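A.B. asks: Just passing along the structure, written as structure tokens.
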Amino acid sequence: MAEGETKSPGPKKCGPYISSVTSQSVNLMIRGVVLFFIGVFLALVLNLLQIQRNVTLFPPDVIASIFSSAWWVPPCCGTASAVIGLLYPCIDRHLGEPHKFKREWSSVMRCVAVFVGINHASAKVDFDNNIQLSLTLAALSIGLWWTFDRSRSGFGLGVGIAFLATLVTQLLVYNGVYQYTSPDFLYVRSWLPCIFFAGGITMGNIGRQLAMYECKVIAEKSHQE
């Protein structure tokens, strides 16, 4: 190289802190999008289970009824799922109690299956009265928490989610947005809080698993650097 020539500066590299913040923001956005679409999908599936009571096949009128129902329900469920799924690992970090119970995808998928089963039971199983149905679903929902979560923060958030979601649903029904066929608890069905509680636990488990995967990826990248 000649004496008069100067070495051109290479591309500017971001510091480790900026790179970490950027990657965390991107991962947070990706987790939110994934949770949103999972919530939308579950909302469509559970809506089908509620509509097709005593229907074993999928006739055209049942399929059409999914898309003719209120269009805003799946996006609202997706948004709520994203918020819940991001909130659970955030609360775990702030409490300093990382959730380590049954942290694998097979357990998460079983939790989703049990949640769908609880919803299916609410639509298909006939009881003598609604109190028996509500108590049974409450026991199943608490059993879901005990089997797949067992954290105090998870139980507390599940109860809070059930209360807020039931309150919002009551306000929507009261204002005539939609209605239940046989309301027995302040314009809604008495088993509804159990469904919301189980849904909060399920989305929390999915959010925790996604957050754990993100931590593994970040740790591997920092180790390579």
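Indices start at 1 and increase along the chain as displayed.
Each residue, glycine too, has its Cβ placed from N, Cα and C.
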A.B. asks: Looking only at the topology recorded in Swiss-Prot, are CYS90 and LEU210 found on one side of the membrane?
C.D. replies: yes
A.B. asks: Quick check for me: are there 3+ Cβ pairs below 8 Å between the transmembrane segment (154-175) and the transmembrane segment (29-51), leaving out pairs under 6 residues apart?
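C.D. replies: Taking Cβ pairs at least 6 residues apart, the transmembrane segment (29-51) and the transmembrane segment (154-175) are not in contact, as fewer than 3 fall under 8 Å.
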A.B. asks: Which of 29-51, 71-88, 190-207 has the most Cβ pairs closer than 8 Å to the transmembrane segment (104-126)?
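C.D. replies: Checked against 29-51, 71-88, 190-207; highest Cβ contact count belongs to 190-207.
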A.B. asks: With pairs 6 or more apart in sequence, are the transmembrane segment (71-88) and the transmembrane segment (130-148) linked by at least 3 Cβ pairs under 8 Å?
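C.D. replies: They are not in contact.
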A.B. asks: Would you count the other C-beta atoms found within 10 angstroms of the C-beta of PHE115 (site 'Required for the recognition of 25-hydroxycholesterol') for me?
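C.D. replies: A 10 Å sphere around the Cβ of PHE115 (site 'Required for the recognition of 25-hydroxycholesterol') contains 24 other Cβ atoms.
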A.B. asks: Do any residues of this chain, six or more beyond the ends of the transmembrane segment (130-148), have a C-beta under 8 angstroms from a C-beta of it, and if so which?
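C.D. replies: Residues 101-102, 107-108, 110-111, 114-115, 118, 121-122, 154-155, 158, 182, 184-185, 189-191, 194-195, 197-198, 201-202, 205.
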A.B. asks: State the non-local partners of the transmembrane segment (190-207) in its own chain: residues 6+ outside its ends, Cβ under 8 Å from one of its Cβ atoms.
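C.D. replies: Distal contacts: 31, 35, 38-39, 42, 81, 84-89, 107-108, 111-112, 114-115, 118-119, 122, 130-131, 133-134, 137-138, 140-141, 144-145, 148-149, 154, 157-159, 161-163, 165-166, 169, 184.
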